[in-house]
Structure formats: structure tokens, C-alpha cells
Amino acid sequence: QLTGVLDDCLCDIESIDDFNTFKIFPKIQKLQERDYFRYYKVNLKRPCPFWADDGHCSIKDCHVEPCPESKIPVGIKAGSSNKYSKAANNSKELEDCEQANKLGAVNSTLSNQSKEAFIDWARYDDSQDHFCELDDERSPDAQYVDLLLNPERYTGYKGPSAWRVWNSIYEENCFKPRSVYRPLNPLAPSRGGDDGESFYTWLEGLCLEKRVFYKLISGLHASINLHLCANYLLEETWGKPRWGPNVKEFTRRFDPVETKGEGPRRLKNLYFLYLIELRALSKVAPYFERSVVDLYTGNGHEDAESKALLLDIFRDTKSFHMHFDEKSMFAGDKKGAKSLKEEFRLHFKNISRIMDCVGCDKCRLWGKLQTQGLGTALKILFSEKEIQSLPENSPSKGFQLTRQEIVALVNAFGRLSTSIKELQNFKVLLQKTR
């Protein structure tokens, strides 16, 4: 049932499917496997700031395997202080988390020549631009995780604890009055024969910015649900798990009849979110096109290949002409637009904090990464002037991305690209079962 033009942007679903399948998906998959993008530093021990922790998920598939400190390449560990030696860059003895010899030392975005400018840059505090509560990378609880060795998939984490997280996100952070209930919300009181109509009447009555905010969160939720359906534990025989697509689970979450029309709406929001992050990638291209920015790993050949692949993806994003136009957002009178943008930013920041309330470590890892990726995309979209005025040969103090933000941005968009590809797969599987 997913066809036609999306609301709030002039783009049709079929064009996005083709563009994603033939241009973006194969390249973003390759990029995510590069040394620079596979490591993400995350603190999975931060306490939930909103309610008493109701216990961690003890299912083994909830577990995240961090990289032992000794196995992390020196360049990554140097972090923003950029303290690396020539010997560390040339070392052949760096190991992967589980497999050896795949990794070069990974450094921050900037190469050797920019060391001094980089130190200046590190002092620049751009927390005013952040849409996310960022983990403190210096915290003793922050650990590096190899994303390739900890894939996002169904862990068995569900029920009241999981619902409370999403409920808090929607009910308290999507500008929604308490009297309007989301359709199919198991934590909402029964409301007779409403079927969510009052919710959609309320949504249509919102200004574009607040409507967009809701769609972004709904799209993120749909994308995460799709990953869980597509990478589901189908059986475990002799201790060997078999993961794959679960059509029954997909139908339960997205079928128009089973979800009373709600499933297709949520999937359309996934496409909407894809367009927003696609737009951000095309907007941030000038930041990476500068010679001062390297995806630095200490391996010159690898660095050049990674950057070439990233710039190739940027060219593709620019070639797609049906982007969402964020210029229509926050375009009212200056005072009103500024306060609305700030409200938007604070609501989203709150959502990034709610991710510390997720009881399953693997779900928390991917929730934090995808939220930070979207937060980085929003930061980019609202920094267009700063990006356009970047100096070619030195870091800018007006707009900056940390390595964590870059890794989150690329991997979050990679997840959306995968979701849309998996949706095509489910369409084929559903045709076979009919």
C-alpha cells in the first residue's frame, strides 16, 4: 500500500526506492565497513534520568561486547587531543576486536598537518548547536564498540519496560496534549471508537515544524522495528542461532488491517526521515570536501579510499532532486522562529537522554547511535550559512563535527537505507506467501 507522494514534501516513494536500491545502499554498506566508521564510543552505564531503573535485560542477545582497551588502535584512543606518534600511525600490529589485521589506527577527522588548528577547534564549545545529549567520551564508563560485531537485531527485549521508553518519547516530547491519544498505544486508556482520528486531526492542525518533529520520531521508531523484523532469531539449534526476516512479526507491526491503517502511515514516516537525513548529507558535503578534513586512520591508501567513497555518496545525494526543503521551517517572524527552534532542539535533546532508560544494552547502543545521527543531521540543516562560509585550509570555529557525530551520522543513515531495502524484501516475501 506504500505508493505515491509523501505529505510535506514533493517526493514519491517509488523514486526513493529506486534511488536507494541502485545508488545509495551498496555504497553506504561499503562505507560502514571502513575502519573509520565501524567504531563508536558509547557509555551504556549512564543512569536513566527520568525514572528508577527497572533492571537490565538479562537475555544474552541484549549484551554488547565492547572492544578491550588493549585492542583499540592508538589513533582512535588519541581522540580529540590528537596525541599520536608516527610509530603508532605506522604500526602493523594493531588488532581487530575479534579478527586480526583488519584495522589501521583511526584518528579524528583532521590529518597531521592540522594538529595546532585542531587543538583550537577542540576547545570550541558548540553545545548550543547540539540537538543531542552527548556522552562524555572521557568518562571511565565510555567504551568503544565495534558496530560490525554488535549488529542491531531482535533481542527479545519488549513489554512494559520497552513501551515506557517509547511512550515517554511520544507523550512528553512530541508537543502532544495529554488528552490526545496515539493509535495503538498499549499504555493509553481505552477510548471507545475513536480509532486515532482525534490524534490525526490534532497532528494536521500543528505547524509544519511540530508535525515534522513527530514524523521524525515515528520514522525512527518504524525503522528500528523494521530492523528487528528483518534480523529476527528464527531458531537456535545446537547453539547455532539462525537470524533472518520474520514475515509474521512484520505483518503484526505494519499490516494495514492488523494495525488499523497505522502501519503504512508509520512506514511513510520512515521515508520522510530518510529524506531529512539525505538532505543533511547533501548539505554537509562542503565540510568534507575541504583538503583539511581527512578520515584519518594512519593508512594513507585506506584514508583516500574512504574519503573518495564518502564524497561519491555526497555526489549521489546532490543528484537526487526531490529533497525535503527545510527552508520552510522556522521561517516565521525572527523572535517566534528562534524560540520554536530552541523548543524543537530541547525536545530532541530530551529524547536523546531517554535513550539512557533503555534496559537492553544492544537496543540502547543502537538507539543512542541513531538518535545522535538524527541530532547531527538536524544540527547540519540549521547550520547552512556556517557550512557555506567554512575556510578551506583550517578548521572552522563556527561549525564543527566530532568524529563521534560523523560516525553516528553515517551509520544512522546507513540504518535508514537498510530499512528501505528490507522493506522491498518484505514486499517480495509477502507476495510469495499470498
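Numbering starts at 1 and runs along the chain as displayed.
Positions of Cβ are set from backbone N, Cα and C atoms, glycine also.
Record features (TrEMBL):
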- Cys360: active site, nucleophile (ACT_SITE)
- Cys363: active site (ACT_SITE)
- Arg153, Thr155, Trp166, Ser218, His221, Arg253: FAD binding site (BINDING)
- Cys57-Cys62: disulfide bond (DISULFID)
- Cys360-Cys363: disulfide bond (DISULFID)
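The 10 Å shell around the Cβ of Thr155 (FAD binding site) contains 19 further Cβ atoms across the protein chains shown.
Among the binding-site residues His221, Arg253, the residue whose Cβ has the fewest other Cβ atoms within 10 Å is His221. For Trp166 (FAD binding site), the same-chain residues 6+ apart in sequence whose C-beta sits under 8 angstroms from its C-beta are His221. Taking Cα separation as the measure, Ser218 (FAD binding site) is nearest to Cys363 of the recorded positions Cys62, Cys360, Cys363.
Note: the Cα of Thr155 (FAD binding site) and the Cα of Cys62 (disulfide bond) are spaced 6 Å from each other.
Of all Cα pairs drawn from Arg153, Thr155, Trp166, Ser218, His221, Arg253, which the record names as binding FAD, the longest spans 21 Å. The residue listed as 'active site, nucleophile' sits 12 Å from Arg153 (FAD binding site), taking the Cα positions as reference.
Taking the Cβ of Cys57 (disulfide bond) as reference, residues of its chain lying under 8 Å away and at least six apart in sequence are, in sequence order, Thr155, Gly156, Tyr157, Ser161, Gly359, Cys360, Asp361, Cys363.
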